Every structure is written in structure tokens, then in C-alpha cells.
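Copied over from Swiss-Prot, here are the features:
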BINDING   457-464, 503-507, 557-560  GTP binding site
COMPBIAS  112-122  compositional bias 'Basic and acidic residues'
COMPBIAS  150-159  compositional bias 'Basic and acidic residues'
COMPBIAS  174-190  compositional bias 'Low complexity'
COMPBIAS  191-208  compositional bias 'Basic and acidic residues'
COMPBIAS  209-220  compositional bias 'Basic residues'
COMPBIAS  249-264  compositional bias 'Basic and acidic residues'
DOMAIN    448-617  domain 'tr-type G'
REGION    61-122  region 'Disordered'
REGION    139-159  region 'Disordered'
REGION    171-284  region 'Disordered'
REGION    457-464  region 'G1'
REGION    482-486  region 'G2'
REGION    503-506  region 'G3'
REGION    557-560  region 'G4'
Amino acid sequence: MSDMVDLKKFVTELGKTQKELKNVIEQAKDIGLELKTNFKMTPEQAGKLYKYIVDGIKEQIQANQPTKNPKQDNKDDLNTAATPKPLAKKASKTPKKEETKAQPKPKKTKEKKKEAPAPIIKKKEIEIVNTFENQTPLVENTPKAVSHSQIEKAKQKLQEIQKSREALNKLTQSNTNTTNNANSASNVSNAKKEISEVKKQEQEIKRHENIKRRTGFRVIKRNDETENETENSVTESKKPTQSAAAIFEDIKKEWQEKDKQETKKTKKPSKPKATPTAKNNKSHKIDFSDVRDFKGNDIYDDETDEILLFDLHEQDNLNKEEEEKEARQNINDRVRVQRKNPWMNEAGIKRQSKKKRVFRNDNSQKVIQSAIAIPEEVRVYEFAQKANLNLADVIKTLFNLGLMVTKNDFLDKDSIEILAEEFHLEISVQNTLEEFEVEEVLEGVKKERPPVVTIMGHVDHGKTSLLDKIRDKRVAHTEAGGITQHIGAYMVEKNNKWVSFIDTPGHEAFSQMRNRGAQVTDIAVIVIAADDGVKQQTIEALEHAKAANVPVIFAMNKMDKPNVNPDKLKAECAELGYNPVDWGGEHEFIPVSAKTGDGIDNLLETILIQADIMELKAIEEGSARAVVLEGSVEKGRGAVATVIVQSGTLSVGDSFFAETAFGKVRTMTDDQGKSIQNLKPSMVALITGLSEVPPAGSVLIGVENDSIARLQAQKRATYLRQKALSKSTKVSFDELSEMVANKELKNIPVIIKADTQGSLEAIKNSLLELNNEEVAIQVIHSGVGGITENDLSLVSSSEHAVILGFNIRPTGNVKNKAKEYNVSIKTYTVIYALIEGMRSLLLGLMSPIIEEEHTGQAEVRETFNIPKVGTIAGCVVSDGEIARGIKARLIRDGVVVHTGEILSLKRFKDDVKEVSKGYECGIMLDNYNEIKVGDVFETYKEIHKKRTL
């Protein structure tokens, strides 16, 4: 039993851990050896188990193994000693063939199948099992792939080795007697040698830990015809046996040289094929798990028909890093190519702006125009295009000036002038209506036209009465309160010559109406009351006339009143720069009386003389160009407009457009109420047939047909709508700060309805002037015409909402709906009353002004702390009076430490209402007891005053 091999030591010497003991026991079962953890084996059993575990040679062990023939044992020992240990072998039938030569071959085959039963291997069936994927081989610099021709050459050399070994076995049969006694000892020594070789392999593995390990291929090919030829071709050979390791070294060198040549030809190395999946249990296996260094070992045995081929693709791993670099380089190249596309070449907005700034400074690449024509209403991007500037530079310049705009916002005249100064441009502002106007007929005879005279002046100075006297019709009596509410235009004949008069309101609210009257006039007549002199609206009228560059004639009215001083009036006008003719000046001062009619003929003659001097002419042929003086809605006729023609002729049936309104002239009525068919220059008429009420001051253009008129009106409507949106988005820094500060601003929603467009415009402007930092009027809707139920629905959900009507009255249904919605409707006939009513409403919503009135002062001389009551200060009144219940400040060292109300005031032990100067008193404050000697009480009253607008 001393020669028995312990299983645990056997496992340890194999280089395996005790955890892998179970795997060794399972492998022992495969060869018919039943083992347990503490069992021991004979050296013969240990040798067979070692061969099976290490080399893969499967030799079955019988449960009751018979005594072996000494000759056969001797032959086995000789074979073991003569042949080096192969790296991988399979159980073969060849040793049984050498046992008895006299036995026939079929009998040997049967015995062979009985001794080592194994699954039948079909011809050329291969199964690949990858059981050692993570391990890498110890062999370095192995070739890449094994071709079929190389395998055939290796087979031929291995067959020659097999034949030489069979001849060597015959020579060793004669020495069986001498080696019989040492059979058992040799087996033990062989086992020990094998164990020592395993240890050497483990040491070799440790020394090659840093080397990439490769997986081996075991290709097993079964061919019955080759087997029969091998059995019958036993020949003697006295040549020395060449080791398989040396043969493989030669093969390896040949393959490496061929691989180098192939690598030079092809840039991309061939990739190893994927391992096929085992589909069939009957197919043979190619084991990937055996990892060996084949140097110095025989890899072939004459007793087996298997060939062990190693994965010789080390060149792939050596070039792996280079392949990754090339792949990354290819990816980078592709990315660079993709960036060179037409979209990526376009730079961002910032990059474009930077480039263009450089170009703008370079006069050779970008030239800025010195003089350009800019429309009166132009967008930011249009200005940049016309001025040949960078859009970003224009927006940046406006931003630096405190105006935040977008490229679609409109620029006003001030902004255009600032930009022109910043970029050193000469600009000429053009009228925006030129693009909508039809070119005038250049071929034609200009004929004399009547002068257009505008009467302007201060309110109640007698403008309408004077014009009424001229027309012999008392129009002023029909006006509410005797005040003209909107423009009136009339034709007057004098000495067979016609004069067109335009009457403008004198109230301050109608400033824009006076401005329009001055723009369409040829001569301005300024009416001044001799008993009142020059007033605010008089100065304003003079400024409008001066801006329109029209001559001015002064009419000194109310000369019939006693104690009038015309020289004083002339002196006041001279101070304004308007010197009379009799004082050596250029301006006519005509004394008139609208009440008696004195001086009217002299005034008309002066107007005609001035017109003759001016030589007023116009072309009567061609399409008409007129100015809308006033627009309104009349019952039964719809939208109507009072127009005065400047050039051409307007006839019934002509198509036209005025701003957003368009239509065809249905009827024309003069100032006398008569129907007319044609309207020539400087003539005034009331026309019908409009799609909507045109704004006062708009230009009416005659066109060829309705389609053109509609198209131009729609185009203008779109333009104005975009302009309105631009105004809503364009905000300056100051406006933005004001919006943030006025977050608690009270708004009064208002709807304004008037009889005419001019009156509506004047009311809106007057109401907006009443806005202040606390209360503001918000006009949510305005229009010409009566109050409707839709107007009520707009303000039904708003608090403090008001509907204002001027010269209109609501119907019964509208009044009932207003009560239902709790909406206030206020109607007026005089603009004074409307503005004053809204001013009172705003004042009621505004918080009053609080003022303080100082009443007295007392100094603290001593303090008394009374339990459950508080601190009472003994004081002496030093100024004024101290009263109970009044507000007081407690001042300590000049600093107010408390403000409250005097809760109790006593004189000795008596409660008093007030204490005068020089007397002592006791003061107790409400909810404050931190009073010290030396403090001062200062009493005051709060006086509330109403705000004024």
C-alpha cells in the first residue's frame, strides 16, 4: 500500500485546487474509476487518469482488472520510455494490433470495440466546442491561418513518424524478459515524471502571464481507408525518429514566411471565422480548452488518427491596435467629409455679423451709400437693405440708444434721423402713399383753380359765425353750445370767383383736425377776438400754418364791441413775429364783425388778391386725388366722407380707395345739398359708396376698377396691421421700467362712439392725456356710429367700465341691456363736458394727497410704570397743544423710535382732552411702554386732499 497515490495529493500535483476535486472525480468516472475524496489509487490508475485529464487519452479501467501479460507490459513501458508525452491524444485501436500478430484483423476490431467502447465517428464530421474563451495562448508570433495544403503536408510527415515507431516496437520485443521485473517500478517512475512535467508546465504558464494566450484547435478526422492502409504498411527503418516539435517548428517557419507575403499584398488581415455551433451530438469535437506550449513536445502519436492544430492567428492580435487606429482615423475622415457640405459651410448669425463688420470697415469690399431715399414708414430690415448696412449693426445701434426692436418693427422719423447720423448717411424721407398712388397725367393743361382757405383760431373767437355771415347762413346755431365739433367745408362765390372754406374747431382737443386743415389749405385765416387777444389755440394755429408754409391773413373779429384795442392785438402778434403791413410787415390785419358783417367784403377781396399772387393751378384731366376731411356713418346712406379734390376729376361711378376703405362713388352732394356729377380741383363734396369710414386726413385715390381698389385697400390694411403689431412689441428701456413700476396701476376700460371720425380721434387723444401714474384710461374699442349690444358685451365683465357717446343716443334695447350688464353709458354733445366728466371719474379712483399739520410738542421729564396699565410719561408741553387721540411720534436723540396714537392724556389725576403750552401732563401711548426720560413727543394731524389733473 506504500505505492498507492493519494487523490488529494494527485489533484495538488496536477496544479488544481481542492474545489476542482469534484471535477477530477467526475473525470475518473468517465474511464471507469470510482473514487471518493479520501481514496487512494494505484500508480497504474493514477497514470491513466493523468493521461485522460492532461492528454485526453481515454483508457477504460475494469472493475476487476486481470493480471497483465508481462510481455505486453514490457512493450507498453518501452513505448512510454521511447516516445515523449504528446500534448493531445485520443484512445486508439493500434496497441491491440501489436499484441498478437497471428490473430486475424476482424477479431482485433471486435476486441478493440469491447475494451474501449466509444461513440461511432462518422466520416468527416466535426464539432467545435469553445470551453476556454477567456484564456490566451502562451505562444507568441504564431501565424494566422492554416490552409488545407499545409495540413496535408503535416499528415504525410506524421505518417512517416508512425511507420518508424512501429518498426521500433518490433525491435523492443526481444528485450521483454529483462524489463518484466521492473514493470511496476517503471510505471511509478513514469507517473512521477509526468507529474514533474505538469509542474514544469505550470511554471512555464506563470512565466508567460503577460503574453496573450491562444486557443488551440483539435481537428479529428476519421477515415477507415487510411486506417487499413496504416495497419498493413509496417516497415522497418533504422533511421532515427524525428520529434514532432522539430517538425512543427519547420512548418511554423514556412507558414510565417507565407503569411508575411500575404500581409504585404493585402492591407486588411483576414479575420478568423466564427466558431460554428454544435448541432449534433454524434459529430466529433474540436476542443478549445487545451492551452499548451508545443515546443519540446511531440504532438502526434502513431496510435491515434487525430491531428492537433494550434490557432496561428497571432498576427491578427499584433495588428489589432493598428486596426483600431486606422478605424478611428477612417471615422474622423468621414466626419470631416460630412462637415464639408453646403449646409455646414454656412456660418452662424454671430459669425456672419462679425465678418460683415470687417467688410463694412473695408471700403473695397462694402460701400455704404451716401444718399438714400427712405420711406416715411419703414421696417428695420428695409432700412438696412436700402442703406446697404448690416441688420445686426442697425439693431445694435438702436439697442445702445435704449430701443429694443426686431427686424420687422417700424422706425419713426426720429429713429431714422438718429441712424442716419450714426452711419453718416444723407437720407430723404418719402411719403408712404406714393407706392399706392397713380401717376399723375403729365400731359395736360393746368387750369386755374379756386383757393382753399382754412379758418383757424381760438375757441369762441367767432370763426363759425364769421363763416356763417360769409355764406349768409347761420350754421353756428345748429352746433351744440355754439361750438364747432368737426370740420365743415363750404364753397363761396365772390366776384364770379369761387373760394373753398374749411372751418376747423378751435378747442384744444381738435389739434390734429387743425393740422389736417392747414396741410390741405392754400391760405390760412387766423380769427382773433379783439377783446380777448392772442390765446393758446391761436398760437397753435399759427404754428400749424407756419409748418404748412402757407400765407396767413389775420381777421380781427368782434370789432363791433366797445372798448376794443386793435393796436394791442397787433402788438401781441408782432411779438410772435407776425408784423402788420401798416407797421412795415408782411401780414394783413383785417378788422371784421361777424355780428354786423362789417369788413367781410374786404376780407374776401384780400383772399382773392393773395390767390392771384400765388397763381394756383391744377390739372383737371386724369384720375382724382382728394383728401378726406371728415368721415361718418349716416342712417340710410352708410359710410360717408367729406372730400376736397387736389388734382384730377372725381365723377360718379369712379372706383377709389382711401387707406383701408374702398368702393365706387354712388352719389356726390355739395355744401348746399345739391347732387353733382363731377368734382374738380379745390371743390368740396360729400360722397357715398364706401366700404367703411375712412380715417380723417387720408388720401383718396381714383383707380380703374374695383379689383384694383380692393387689392390696394387690403394691402394697406395688412401694412397698418403689421405696424400696429410692431408698436405693441417695440419697447424702450424707460417704458419697460415704467411697466414694471406700474404693476398696480388702475385701468378704466372705455368704449368711445362718436358721430364723425375727426371727433372720435380728438376725444381719444384728450382722454389719453388724462392718464397718470396711478390711474389710466384704456380705450378697448372706438368707432363711428351708434352704441350696439356688441359694445356692451365687450365691457360686461370689466369693473369701472364706461361707454362714452358723443353726439349719439342709445336705443331702448341698448339701455335695457346696459342695466342688465350693469354698464354705465354716458352721452355728451359738448367735448368740454365729456373731458371734465372723465377727469372727475379718474380723481375719484385716485388716492388723496395726505399732508401733515404739526400741532404740538412735549418733553418727557419722568416715567411711571404702573402694573397692568403700562408706562406713563410725565411731560411738559413745549410747543403748541397736545390732544388726546391724536397721532404722535416718539423721538429719541433725533431719531423716531415709535409712531402711534396717544391713548391717555391726564392733567394730574383728571383725564383731559388737550393740554396747552407750558403745562405739565401725563401721556400714555397705545401698545408701547419703552419710554425714557429725555424723549420728545411730536403730535400731528393728517389732512387728506384730492388730487388734480
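Cβ atoms are placed via backbone N, Cα and C, with glycine included.
Since we're looking at a predicted model, the values are computed, not measured.
This view paints the features noted in Swiss-Prot onto the structure.
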residue	record	Cβ neighbours (10 Å)
Gly457	GTP binding site	28
Asp460	GTP binding site	16
Lys463	GTP binding site	26
Met559	GTP binding site	20
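In the three-state DSSP reading, Gly457 (GTP binding site) counts as strand.
Mapped onto three states, the DSSP output places Met559 (GTP binding site) in coil. Mean per-residue pLDDT, taken over the region 'G4' (557-560), amounts to 86.
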